[in-house]
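Annotated in TrEMBL:
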- Gln202, Cys203, Gln204, Pro327, Tyr328, Gly329, Gly330, Met331, Glu332, Arg624, Met625, Lys626: peptide binding site (BINDING)
- His356, His360, Glu379: Zn(2+) binding site (BINDING)
- Glu357: active site, proton acceptor (ACT_SITE)
- Tyr450: active site, proton donor (ACT_SITE)
- 529-668: domain 'Peptidase M1 leukotriene A4 hydrolase/aminopeptidase C-terminal' (DOMAIN)
Amino acid sequence: MAVICSKAIKRHFRSLLSPKIYARERSCIAIIANRLNLSSFSKYSSNNFSNSAINKYFAINSQVKAMGALSPLDPSSFSRPEVAIIRHISLILDVDFEKKVLKGTADLNFDVLQATDEIILDVNDLIIQSIELRDGTKLQYNTDQHVPNFGSKLSITLGNQYSAGQKLVIRIKYRTSPSASALQWLEPNQTSGKKYPYLFSQCQPIHARSILPCQDTPAVKFTYDAEVTAPEEFTVLMSAVRGENRNKTTMFQQSVPIPSYLLAIAVGVLEHRRLGPRSLVWSEKEEIERSAWEFAETEKYLEAAENLCGPYQWGQYDLLVLPPSFPYGGMENPCLTFVTPTLLAGDRSQADVIVHEIMHSWTGNLVTNRNFEHFWLNEGFTVFLERKVGASLIADAAEAKRSRDFHSLLGLQELSETINGHLGSSNPLTKLVPDLKGVHPDDAFSRVPYEKGSLFLRYLEDLVGGPEVFDEFMRSYLGNYQKRSLDTDEFKEYLLNYFSGNQNLTSVDWNAWFYSSGMPPIIPNYDTSMTKAVTELVAKIFEAGTFSYDDVKCFTPHQMINLLQELIDKDALPIEKLRSLGDAYKVNNSKNSEIIYRWLRLCIRSRDRTKLKEVFSFVNQQGRMKYVRPIYRDLYTWEDVRQQAIDNFLQNEPYMMHVSAYTLRKDLHLSE
C-alpha cells in the first residue's frame with residue numbers, strides 16, 4: 001500500500017511513515033499454512049485440496065494481504081489517525097447480563113489532519129446499528145471481511161470533504177458480541193459470592209475494538225466520559241474518576257488522554273475499603289478484608305514513585321481485586337488497577353506487583369509505546385522503575401542496592417527460561433523490537449520486553465554514570481513525552497541528545513540490543529550476595545540426602561522463589577528426594593502463589609503423579625497466564641499425562657478469558 005505523504009500530517013506521526021514499515025515481507029503461503037494448521041503447503045495435494053479448502057485458502061489469502069497493510073502507523077490497526085485523530089470519546093453503555101452484551105452509543109470527536117471524506121476505524125464482532133454526524137445526518141459505512149484475531153476495518157463515508165484543521169463528531173450506535181474478546185462475563189458460580197454475575201474487561205493489547213469502534217492503536221490518545229447503566233445491586237467501575245450514581249447510572253470522567261487499551265470496565269456486587277487519601281480497594285465482600293490488609297501500604301508506594309518520577313497526574317489510584325480468571329498479575333488501567341487474587345499471600349510479599357502497576361502511571365499510561373512492536377518502552381521502563389522504587393523504600397543504601405540487584409537477578413532467571421527454555425534463542429520474538437506484521441501482539445507477549453528492556457536500561461544507567469545521573473534523565477524523558485506516544489528510535493534520539501557529551505554511549509551496539517534475537521549482548525555486573533546462599537544450597541541439595549528447615553529459615557520469600565527457580569533450571573530431582581525437600585522446607589503448604597507455582601512445576605518435572613490433582617486444581621482455580629501457561633507446557637512435555645492436560649484445558653476453556661484460552665491453545669498445539 002502506498003504511503004501517503006502530506007505537509008498536513010502532524011510531526012507526531014511523520015517519523016513513522018518510512019520505508020522500514022514496508023521493508024519486511026512475510027510469506028503468504030507460510031501464513032496460510034499457519035492459519036489452516038498445516039505443517040506445509042504440500043498438504044494441498046489433489047487428494048485433499050477440496051473445494052471448501054480452496055475457498056478457505058483464497059479467503060484467508062485475501063485477509064493476509066489486508067493484514068500486510070493494516071496501516072502505515074501500526075501493524076495491528078486498520079485505523080488511519082494520521083488522517084483524522086480521535087481526541088475525545090463520550091460513551092453511553094447499558095450492561096445486559098442476561099444477553100452478555102454492552103449496548104452502546106459512542107460519540108467520537110476527531111481533529112482532521114488531512115483533507116478526507118472517509119474515516120477508518122477498528123471493530124471486532126460489533127453489531128453496528130447506525131452511524132451519523134452530530135447534526136443527525138446519516139452516514140454510509142462498510143465493514144470489511146473479518147480477519148481472525150484482528151477484527152475488521154470499518155470505513156465510514158462522510159459525504160463531504162473535510163479539510164485539515166476541522167473538527168468532526170461521529171455518533172455510532174452499536175452493541176457488543178457475547179463473545180467479545182475484551183469482555184469476561186462470569187456466571188454467579190464463578191464468583192466468590194456465588195449469587196450474582198460479574199463483568200470485567202481486558203483491552204490490552206488490541207481488544208478495545210471488541211468494546212467500541214475506535215482507533216485501536218496506542219499511537220492515539222483520547223480523553224473520555226461515560227454513563228454506564230447496570231442493575232441496581234451492582235457497582236460499576238471504569239478506568240476514570242467515578243462520579244455520581246443516579247437511577248442505576250454511574251458517571252465517569254477521564255481528563256488525561258489514554259490509549260484505547262487502557263479503556264476498562266468492571267461490574268459486580270462489590271465492597272470497598274479506604275487505603276489512603278487517594279486510594280480505595282474494591283472486591284467482593286469475601287476478599288475485602290484480606291485485600292485491605294494486603295494493600296495497606298499503597299500510599300507509601302505512590303509517594304515513593306512520585307519522589308522518583310514527579311507528581312501523580314491521575315487523581316485517584318484505586319485497586320480492584322478481580323475473580324481468579326483474570327489472566328494477569330495486574331493491569332494498569334488508569335485510576336483503577338486490576339489485580340489478581342493470587343497476590344493475596346497474607347504476608348505482603350507480592351507488593352512488587354502493586355509497585356509495578358503504580359509505575360505504569362508514568363511509563364505506559366503517561367508515556368506510551370506507539371505500537372506494540374515497541375512494547376518494551378512500556379514494560380521495560382516499568383520494571384526498571386519498579387525495582388528502583390522498591391529499593392528506595394529500604395533505609396540502608398547498601399542493602400537497597402543488594403535488594404535491587406537481587407530482584408534483577410530473579411528477572412534474569414525468568415528471561416533466561418523464556419528465551420533458552422521456551423521461545424528459543426533464534427526466535428524473532430526474543431528481539432527487543434520485534435516485527436509484528438501478521439503477528440498478533442498476544443502471540444508476542446512474554447517476559448522479553450519486561451526483563452530484556454529493564455536490563456538494557458540498567459546497562460545504560462551504568463554506562464552514563466549511575467543512578468544519580470540517569471534518574472535526572474528519566475525525569476526529563478517523562479516530562480518531555482508525557483501524554484504522548486513514541487517509538488524506539490525517538491527514545492534513542494532523546495537519550496543521545498540528552499547525553500550528547502558522554503563518550504561512553506559510543507560503545508553501545510544499538511542494533512544488537514534492539515534487533516538481535518536471544519539473550520542480551522551484555523549482562524550488568526549485579527551484586528550476587530543475596531543469591532550466594534541460594535547457590536550454595538542448590539549445590540548441597542544435589543549432594544545431600546537429608547534436608548532441614550534450618551537450611552532456609554533465614555530466607556526471604558523471594559530467596560525461596562530464587563531457590564525453586566534455580567532447581568527448575570537443573571535436572572529433575574528423584575521423586576522421594578523432592579518430597580523430602582518439600583516437607584523440610586515447608587513449601588508444600590505455602591500460601592505464596594509464586595512459591596506454589598514453582599513447587600508444582602518441580603513436581604511435574606520429577607513426574608510425581610500424586611501431585612497431579614493439586615496441579616490441575618491450581619490451574620483451574622486461577623487464570624494468571626504467568627503460572628498457567630508454563631505449567632501446561634510442562635504437562636505437555638510429560639507424554640503420559642499429555643492427553644489428560646489437554647482434556648482438562650478443554651473442559652475449562654469456556655471459563656477462561658479470551659487471551660488465556662487463545663495462548664494456551666497454541667501452547668498445547670491445538671492451534672498454530
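Keep in mind that glycine also has a Cβ here, set from the backbone N, Cα and C atoms.
Quantities reported herein were computed from a predicted structural model and do not represent experimental measurements.
Overlay of TrEMBL annotations on the structure.
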residue : record               : Cβ contacts under 8 Å, 6 or more apart
Gln202  : peptide binding site : Ala182, Gln184, Ala264, Phe326, Pro327, Tyr328, Met331, Phe338, Met657, His658, Val659
Gln204  : peptide binding site : Tyr261, Leu262, Met331
Gly330  : peptide binding site : Thr337, Phe338, Val339, Thr340, Leu343, Val353, Ile354, His356, Glu357
Glu332  : peptide binding site : Leu262, Glu357, His360, Ser361, Gly364, Asn365
Glu379  : Zn(2+) binding site  : Gly364, Pro449, Tyr450, Gly453
Met625  : peptide binding site : Pro327, Tyr328, Phe445, Val659, Ser660, Thr663
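Model confidence over the domain 'Peptidase M1 leukotriene A4 hydrolase/aminopeptidase C-terminal' (529-668) stands at 95, taken as the mean pLDDT rounded to a whole number. For the domain 'Peptidase M1 leukotriene A4 hydrolase/aminopeptidase C-terminal' (529-668), DSSP puts the residue distribution at 106 helix, 0 strand, 34 coil.
Every protein chain shown contributes to the tally, and the Cβ of Glu357 (active site, proton acceptor) ends up with 25 other Cβ atoms within 10 Å. Ranked by Cβ neighbours within 10 A across all protein chains shown, the recorded positions Tyr328, Tyr450 are led by Tyr450. Spanning the residues Gln202, Cys203, Gln204, Pro327, Tyr328, Gly329, Gly330, Met331, Glu332, Arg624, Met625, Lys626 that the record associates with binding peptide, the maximal Cα-Cα distance equals 18 Å.
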